[in-house]
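J.: Below is one structure. I have some questions about it.
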Amino acid sequence: QVLLVEKAGRRSLFLAGLMGMLVSAVAMTVGLVLLSQFAWMSYVSMVAIFLFVIFFEVGPGPIPWFIVAELFSQGPRPAAIAVAGFCNWACNFIVGMCFQYIADLCGPYVFAIFAGLLLLFFLFAYFKVPETKGKSFEEIAAVFRRKKLSAKAMTELQDLRASEEA
């Protein structure tokens, strides 16, 4: 796993894992919806479950721990890892406690909810999560500073244009 992470990069594995989980969740939904018409859809659902777990283990399972550890300097790193761990276990608890009720409510479309959430997570990661492979903390922090400064500069530029037009 560590060799794969070092070779492929954290961000690309994370995105590939999220996309694989998204496709698997859609396949599970299709399999469950069409199960009454086609008995072989049970195999589609089983394969989709196995693929979902495999993609989770390649990307969203381990990669966030790498990224959190690399995004923060030595001082705030323990607190960031504690917050990440809390969020992870809180979400696991919520899903574990609520899944049966959601499944009863949504029926065969229960995994469509997960597919929608995975799409949001993928888009967030694609646009906001930087690649941390081979970069020092200072380089990663500089990427965030540039994004923040460019957003601030754009706001100031818009303010200047608005004042010139008035």
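Every residue, even glycine, has its Cβ placed from backbone N, Cα and C.
So TrEMBL says this about it:
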DOMAIN    1-133  domain 'Major facilitator superfamily (MFS) profile'
TRANSMEM  12-34  transmembrane segment
TRANSMEM  40-58  transmembrane segment
TRANSMEM  79-103  transmembrane segment
TRANSMEM  109-127  transmembrane segment
J.: Which range wins on Cβ pairs under 8 Å with the transmembrane segment (40-58): 12-34, 79-103, 109-127?
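T.: Looking only at 12-34, 79-103, 109-127, the most contacts with the transmembrane segment (40-58) come from 12-34.
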J.: Near the transmembrane segment (79-103), which residues from the same chain, at least 6 beyond its ends, have a CB less than 8 A from one of its CBs?
T.: 64-65, 68-69, 71-72, 110, 113
J.: Please spell out the DSSP helix, strand and coil residue counts for the domain 'Major facilitator superfamily (MFS) profile' (1-133).
T.: 110 helix, 0 strand, 23 coil
J.: What is the average pLDDT across the domain 'Major facilitator superfamily (MFS) profile' (1-133)?
T.: 91
